[in-house]
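Annotated substrate binding site per Swiss-Prot: GLN86, ASP205, SER206, HIS207, ARG536, ARG541, ARG699, SER779, ARG780, in sequence order. The [4Fe-4S] cluster binding site annotation in Swiss-Prot covers CYS437, CYS503, CYS506.
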Amino acid sequence: MKNPFAHLAEPLDPAQPGKKFFNLNKLEDSRYGRLPFSIRVLLEAAVRNCDEFLVKKNDIENILNWSIMQHKSIEVPFKPARVILQDFTGVPAVVDFAAMRDAVKKLGGNPEKINPVCPADLVIDHSIQVHFNRRADSLQKNQDLEFERNRERFEFLKWGSQAFCNMRIIPPGSGIIHQVNLEYLARVVFDQDGCYYPDSLVGTDSHTTMIDGLGVLGWGVGGIEAEAVMLGQPISMVLPQVIGYKLMGKPHPLVTSTDIVLTITKHLRQVGVVGKFVEFFGPGVAQLSIADRATIANMCPEYGATAAFFPVDDVSIAYLVQTGREEDKVKHIKRYLQAVGMFRDFSDSSQDPDFTQVVELDLKTVVPCCSGPKRPQDKVAVSEIEKDFESCLGAKQGFKGFQVAPDHHNDHKTFIYNDSEFTLAHGSVVIAAITSCTNTSNPSVMLGAGLLAKKAVEAGLNVKPYVKTSLSPGSGVVTYYLRESGVMPYLSQLGFDVVGYGCMTCIGNSGPLPEPVVEAITQGDLVAVGVLSGNRNFEGRVHPNTRANYLASPPLVIAYAIAGTVRIDFEKEPLGVNAQGQQVFLKDIWPTRDEIQEVERKYVIPGMFKEVYQKIETVNKSWNALAAPSEKLYAWNPKSTYIKSPPFFESLTLDLQPPKSIVDAYVLLNLGDSVTTDHISPAGNIARNSPAARYLTNRGLTPRDFNSYGSRRGNDAIMARGTFANIRLLNKFLNKQAPQTVHLPSGETLDVFDAAERYQQAGLPLIVLAGKEYGSGSSRDWAAKGPFLLGIKAVLAESYERTHCSNLVGMGVIPLEYLPGETADSLGLTGRERYTIHIPEHLKPRMKVQIKLDTGKTFQAVMRFDTDVELTYFHNGGILNYMIRKMAQ
């Protein structure tokens, strides 16, 4: 069908009549000029892709009518311009694509129809671990080990880049996906097939929102949704409310962008922005560099919004020039955005659009801070950290509590390391990592850390040798400017050598701690601390032996590493005493904003971006040497423990089955609030006594070769065994943290997988009970695929994180939500009942269903199928089944 809005297309430049754009001003609709800039991007995509099938004229009217429709939970389609993936989520996506080709062939279709129809960039950044640190060859040794362990996965990805059109792989060692996206992949405006249109994307990583800082609308989705977008399906989303976040004033000279983002995170958590867009405006925005904006946008999942948008302005255009983008392209970007009403001047309040609600922050009120000890939204001023940690020590087990008895608060343990004696206590820092795209993309905080290191070394300070220090930049550009500016040797002297280019400590790839340190922590039952410049510090994520983890700016990471403890008041106590007996305070070595900016102006230059990125796809010799098969259908190796054909499509036929009620289901797990996708499907180490470890041992592997759960996401047998295998999982059936549950028919306590297997062998369906914010954290598709493989038919929770809810639907698992004001406690549910959930044949979005217990009690819950499209996926047994049936016909 012809696009009903084709008449809006006109040339941007009369000298190039073949290159057109959809001029939304020709809609001659006064509502357009009042729309938030982020909603204008949704509108343009709908107008350009309107076909009266996937995108209808009524959708465009609904978006234009945003001021009214934002309150009505109206569903709109969005076709992003591209998709980005990292390797932990990218491997299972390519596995699914390979299995879908097999399934289409089996159903009599053409397997080569399964191909990305939009650009898909996969950046390998999640596999490298900090095994070696504090040595000049750390980088090479970690990269060699990464290749040795992941060769099979990398060969598979290389096969994928050759077998599928439109798929580009950025090799390992290049950097972190979101930083590479910001510095290199982002187009800001596409110039393709004779048409200009805004760059937009979804990514299989929740911190995809970082690109919103450059004015490119994007957010994280589950791997399952991303696969559908790659196959040409729009994302079906509820038209979001947009919170206007007004920034005013100027930050204090000692405040970093990290302090600003941690302040905003806490503030927006309190406002409540889940499922909404946040759009930044006000004169304060012009004070922020693109790196600062990207840092704020990066932590969007931590404050719970879907996107955190900074419209494009002159600062964005200057950044494109600074990062070596072609000047001619940059001119067209500005010209297009001005023509279509998407270019912003933050000092001109007449451009301010309508918002659902406006909240404000005066940047001069921001103080240096950290977040912790267990959640990114728990901001604590640096001046309060010592007091806060001590109150957490004694407080009841929880987000702000470790429940250490008062007479044990001063416990300590001595140990020998490298022939010297050291002492650890509660609050001792054992990991200090400058890591994560959140901060390493920001030259001001990275150079701030470098200058602080220089002053610390010159003042005679050092870091104790047992502290696991590391520096893992998000791109080669960082190393380039740290080296050129002369601060690199000082960072190395304090133990912050470059250990790899990847996510590393931020995602739990922190590697092992020295054995004597682990023994001291476990024997002393100590609350040891990790300090990192990352974006998440959920319990059990950073390292199993650091029960407290604080997010901090890179300079503060170094400061706490030198202090060796978080139980310090930097105002009153020195960081350390040098060889001359002089006390050195933090204020003596903290660099000012002016000092940092002077170095940044001199050393962060376009030439360095061009030099690093023009060879990014060819510079890794190990990658270039990999052999990969050339067939279009993948030849599965039955002996592989990394890549396995998944069972999702084995019994798939072309015919649809009517939905079935869930009868007499047992509760596999009875969980509380804030169960993260890390709890459901951990990404870190595979514990030696776990079901996944037994599976690998039975196949002849030793613990050294187990690798991490994240690296094994191409193997469903391991991932099913890793589901709910987080050691910090708190199950009400047990009243303790353990990856275990009670098998209700026998009363035995078993590993979660073993219990689920018993239920499945007996043909018994399962459900999970949970509290608020179920599935918060990473957009991890295995947190939905894993429960599906365990035989879980539904989850009953008080509320869900948006991405996880869609992922459950995408796998055919029913997300049920208690009615407002009701909870498991208010209904008197113990989880030991059996549940029958009546599923009617004709379903509607957000329909109420009847739940009956074997005790005779009945109550209602809402089925969280929010859109008609989600219902279609459910009827098909999931989104991928729907796509296969479509491609096979």
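Using the three backbone atoms N, Cα and C, a Cβ is placed for every residue, glycine included.
Taking the features listed in Swiss-Prot, we show where each one sits on the structure.
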residue: GLN86; record: substrate binding site; contacts (Cβ under 8 Å, 6+ apart): LEU122, VAL123, ILE124, ASP125, HIS126, ILE177, GLY203, THR204, ASP205, CYS503
residue: CYS437; record: [4Fe-4S] cluster binding site; contacts (Cβ under 8 Å, 6+ apart): ILE176, ILE177, HIS178, GLN179, HIS207, MET210, ASN298, GLY474, CYS503
residue: CYS506; record: [4Fe-4S] cluster binding site; contacts (Cβ under 8 Å, 6+ apart): ALA433, THR435, SER436, THR438, SER472, LEU532, GLY534, ASN535, ARG536
residue: ARG699; record: substrate binding site; contacts (Cβ under 8 Å, 6+ apart): LYS639, THR641
residue: ARG780; record: substrate binding site; contacts (Cβ under 8 Å, 6+ apart): THR89, GLY222, THR677, ASP678, ILE680, SER681, ALA683, HIS804, ASN807
Among SER206, CYS503, ARG536, which are binding-site residues, the residue with the most C-beta atoms within 10 angstroms of its C-beta: CYS503
Cβ within 8 Å of the mean position of the Cβ atoms of CYS437, CYS503, CYS506: remaining residues of the chain near [4Fe-4S] cluster: ASP125, ILE176, HIS178, HIS207, THR435, SER436, THR438, THR440, SER472, GLY474, GLY502, MET504, ILE507, GLY534, ASN535
Three-state secondary structure, which DSSP defines for CYS506 ([4Fe-4S] cluster binding site): helix
DSSP state at CYS437 ([4Fe-4S] cluster binding site), helix/strand/coil: helix
